[in-house]
Amino acid sequence: TYHLTRKVHTFGILGCALCIVGSVTIVLHAPQEQDIVSVLEVWNLATEPAFLFYAAAVVGAAIVLIVQFIPLYGQSHVMVYIGVCSLIGSLSVMSVKALGIALKLTFSGTNQLGYPQTWVFTVIVLFCVITQMNYLNKALDTFNTAVVSPIYYVMFTSLTIL
């Protein structure tokens, strides 16, 4: 607040404190991750029925928001744009993780680029990132950044944990 010469209100300080406490709580109670030695392992996790159901529900909800609600409420309700960003963003986490694992293993000598699953994850990452950036920019163009950022942070984090 001193460097930007902006006054932060009590609710802004409280919101930042709650975000920090929430983030620390999530990190401290996160389960241990298993070591993954192939993109095929991530593919097996991503094709489990529960995740496929979640992914279908997310894509369906995003399509409904884009087709039905953005034309009607996009200019007046921040949750419409942020909803699309957060929903699609929650899917991008799995794909980015898979792509990161593929690249890490490839650079360490176990080539993962020959698997078609690596390229499927790459296409999904590109689609998710482009969609997220598009609707996040629309939200930032339409609404105040001080409103967009915390709502996006909370929705994205919640949907990713889910």
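A Cβ is built for glycine as well, from the same backbone N, Cα and C atoms used for every other residue.
If you look up TrEMBL, you'll see 12-31 (among others) marked as transmembrane segment.
Annotated transmembrane segment per TrEMBL: 51-73 (among others), in sequence order. Tertiary proximity for the transmembrane segment (51-73) is limited to same-chain residues at least six positions away from its ends with a CB under 8 Å from its CB atoms, namely 45, 80-81, 83-84, 87-88, 90-91, 94, 131, 159, 162.
Per TrEMBL, transmembrane segment is recorded for 80-103 (among others). Same-chain neighbours of the transmembrane segment (80-103): 36, 39, 42-43, 45-46, 51, 55, 58-59, 61-62, 65-66, 69-70, 73-74, 112-113, 115, 117-118, 121-122, 124-125, 128-129, 131-132, 135-136, 138-139, 142-143, 148, 151-152, 155-156, 158-160, 162, counting only residues six or more beyond its ends whose CB sits under 8 Å from a CB of the stretch.
Taken from TrEMBL, the feature transmembrane segment covers 115-136 (among others).
Residues annotated as transmembrane segment in TrEMBL: 143-161 (among others).
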Open item on the list: Please report, as numbers and ranges, the same-chain residues at least 6 past the borders of the transmembrane segment (12-31) whose CB is under 8 Å from any CB of it.
Closed with: 146, 150, 153-154, 157, 161
